[in-house]
Structures are given as C-alpha cells and as structure tokens.
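Enquirer: The structure's right below; bear with me while I get my questions together.
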Amino acid sequence: MDVSIIGASGKIGSVLSLLLAKESHIKNINLIARSSSINKLKGLKMDLYDAMAAAGQDTDIDICCDDDLSCTANSDITIITAGMARTGEMSRIDLMKGNAKIVKNYVKNIANFGDTKIFMISNPVDLMTYKALIESGYEKNQVFGLGTHLDSMRFKVAVAKHFEVHLDDVRTRIVGEHGDSMVPVISATAVGGIPIKRLPKYEDFPYEKILERIKGYGQEIINLKNGSEYGPASAIVNIVRCIAHDEKRLLTLSTYIEDEIEGIEGGCCIGVPVKVGKNGIEEVIHIKMEDDEIEGFKKSFELVKGYCRQIESI
C-alpha cells in the first residue's frame, strides 16, 4: 500500500509516519509538507530508517520527502493532518475559515494528479471532510474523516472502567459532530452483549459527567501538553489497516450523508457508523436510536450542516 501524509512535519504526522512504517502492508510513504519544512522531513526520514533498523525490521520500505503533491498520484490513501492548530483564544469560526482555505488548496491539487482516498484529520474535522469532498469531486466513499472515532473510544474506556470489565467486552459509539453536540448512543451500548441499561451498576453510571469530560478532552490535552498526537495517530493506523486488509469493520467516522437517517434533510459530513473496507466507506450503517438520541443527532446534524454551507464559498 502507498500512503501519503500531508503535514508530515507536524506532531501527528511525525508519529503517524513511524507507526505506518511498522506496518507490513505499507510499501511506500510520501512525507509531504511546505517547502520550508523539507529539511525537517529529510531528518524525519533518516530517523525512521534508524527506528526500523533498531527494531530489527526490514528497511525495504520507500520513504519519500516532498513539497510537491504530484507524489500523491499513486497513493491508495492520502492523509491530511495539515492545518492551523487551535489556540486557546481562537474561535471555532476562525479555525474553520483558516483551515478551509488550506484544505481547499491541497485537495484541488491532489485531485489533479490522480484518484486516491482522502482521510481527513484536520479540525474541525467534519467541516474539513466536507470541504475536501466538494473540492475534490471524488465519490463520497473516497473522502472521510476521523470524526467521532476517538470520542467513541474515550466513551468505551469510561464504560469499561465504570462496569469494571475488559475494554474488548464493551460495544458503544458516539455519533454526530466531533464537538459539543456529539451524541453517545446509550441504547446501542452493551457490555458482553448485554445492554448497559440492564446492568445493576447502570443506576450509578455518571453519564452527564463522562460526556462533559469527553467533550472537553481534546482541549484539556492542548492545555496540558499543547496538543495530542499519539491517540489520533494510533487510530489512523488502525483505520488504514482496515482498508488495506478489507476488514469490513464497523467504525464511527465522518462521512457524507443526506437521507440515510430518518428526519434529516440536506447533506453534510458527520460522524456515523460505517463499514470500512478496501473501497473506503462501503456502507453507512442505519442504527436504531431512541427518540432523545435521534433528536440530539438531528440538532447536531443541523449545526454541522449550517457550518458546511458557510465554507462552500471559501
């Protein structure tokens, strides 16, 4: 598999490069950044080969450094991590407008060179996924974002801790915006196949407290260590592996939907359960939700859709 990383000189891009280099199915990695960061990419390339050698790994993988997007022409997946990082005083609107311009520039050039899958990491991820979709002209299954995947993992950890069970026994997901309007699907949350509402400890489950913590989790990491890279990079590698091996896994990613869920109108990219395989997003999964969950999702959808309309002309 051939993978390109746009923004490879950044925190997520650097960690992602190492994790991908350790994957046996990855045969070529294109490290892409602005021309001012080329020397950093060259140093990263040298460091990656050292890391592989130190781990006793074959170093037959090709690692290329470039500021030219033409190297994405043969990529199976192009991962976009580039963009402005949100600072404490920056508004969501400022971040949205700034990154929309960056994403537009990259995606239009990528589309000129070939047919790839675009995996969006840059925030606000739902909006940047939508911007990448409309600017690329690609099919909607080819463009997707990290969405609420990490939020779902964080909620999964909280459920496992509360019910004192192994993480693998928990099935849950958060849908909607990767942001304050996200919606945990409690009705589809189970431990060992048993809905958590049927478990004795559910009465003490601090749902609201956990949800508020998850909503602010990313910002808390930014405040403590100026950003997260290990969690997102690890999640990205797992999703790339799903595509490489055609695993058909059900994950919660940001993808374009219009009428797949009852009660929504118009289209935008938002976090929903999807089947992930060799073609990217192979199916949007229609899960049944309780009335309050459906209403929460509709509100989240309308919020994201409104922002999507704002960035169409940027």
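Heads up, the Cβ atoms here are built off N, Cα and C, so glycines get one too.
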Enquirer: Given that Swiss-Prot annotates Gly7, Ala8, Ser9, Gly10, Lys11, Ile12, Gly13, Ile121, Ser122, Asn123 as binding NADP(+), state which candidate in Asn39, Asn99, Asn105, Asn141 belongs to that site as well.
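Expert: Among the candidates, Swiss-Prot records only Asn99 at this NADP(+) site.
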Enquirer: If you measure every Cα to Cα distance among Arg86, Arg92, Asn123, Arg154, the residues said to bind substrate, what is the biggest one in Å?
Expert: 22
Enquirer: Report the same-chain neighbours of His178 (active site, proton acceptor): residues 6+ apart in sequence with Cβ closer than 8 Å to its Cβ, ordered by sequence.
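Expert: Residues satisfying the criterion: Asn123, Pro124, Val125, Asp126, Gly145, Leu146, Gly147, Thr148, Asp151, Ser254, Gly271.
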Enquirer: The record lists Gly7, Ala8, Ser9, Gly10, Lys11, Ile12, Gly13, Asn99, Ile121, Ser122, Asn123 as binding NADP(+). What's the largest Cα to Cα distance among them, in Å, rounded to a whole number?
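Expert: Pairwise Cα check on Gly7, Ala8, Ser9, Gly10, Lys11, Ile12, Gly13, Asn99, Ile121, Ser122, Asn123 gives a maximum of 17 Å.
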Enquirer: Find the one among the binding-site residues Arg86, Arg92, Arg154 whose C-alpha lies closest to that of Ser9 (NADP(+) binding site).
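Expert: Sorting the binding-site residues by distance from Ser9 (NADP(+) binding site), the top entry is Arg86.
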